[in-house]
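Asker: Mind having a look at this structure? Questions to follow.
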Amino acid sequence: MRAEARERRKASIEAAAIELLLDQGYDNLSMLAVAKKAKASNETLYRWYGDKTGLFSALVDRNAENIRQSLRECIENTPSPTEALRNFGRRLLGVLSNPAAIALNRAAAADTTGTLGTALAQSGRDAIRPLVTDLVAKVQGDGLLTGLETETAAEIYLSLLIGDLQIRLVTRAVAEWSENDIDARAETAWQGVKLLSAGSATAFS
């Protein structure tokens, strides 16, 4: 199978897996059910993913790649690094609060082995932090957030942006977010890191 055709087939399989994950949860999800829904052979799924954990990891990887692509688009399509960072914050919150991402987080939270959580961490926040750090460096090149070290500013921004949101969504402590909720939280994170940067600059001046 050609690479492009294989990628399209994998995308179809993973889309089917996400649908079943939303409907049934991770514990009730089976490779056979995914194969039937995707109209693929069970042998193909095991050959490509190994097992259910491998399939989950692939779902996490695809979700993380969507986030990274979103960041790249923000950088490429927005001349101002500051606006790029703020736009990315809104996009990231949109991705993290969508049903598929919540389902993946719930699966990881329910896994007593920690395997799924490790996969989620490696392809999630750990993977996007360097990209956010690079963008923060560009923001600092424009004279903002200069009161903090670049990596510190990036970590603070992500912490203010994400906070305990994923946990609250996983536990259903908060309902699905609206665009207004996303915009408000993204703006609060941006203003918060600016304030902390200004405070640090004043303290050491």
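Each Cβ is built from the backbone N, Cα and C atoms, and glycine gets one as well.
Note that the coordinates shown come from a computational prediction; the quantities given were computed from them, not determined experimentally.
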Asker: Which stretch, out of 30-49, 90-109, 150-169, is listed as DNA-binding region by TrEMBL?
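Answerer: It is 30-49 that TrEMBL annotates as DNA-binding region.
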Asker: Six or more residues beyond either end and a Cβ under 8 Å away: which residues meet both conditions relative to the DNA-binding region (30-49)?
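Answerer: Contacts with the DNA-binding region (30-49): 9-10, 12-13, 15-17, 19-20, 24, 55, 57-58.
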Asker: Quick check on the domain 'HTH tetR-type' (7-67): DSSP residue counts for helix, strand, coil, in that order please.
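Answerer: Split into helix, strand and coil, the domain 'HTH tetR-type' (7-67) gives 50 helix, 0 strand, 11 coil.
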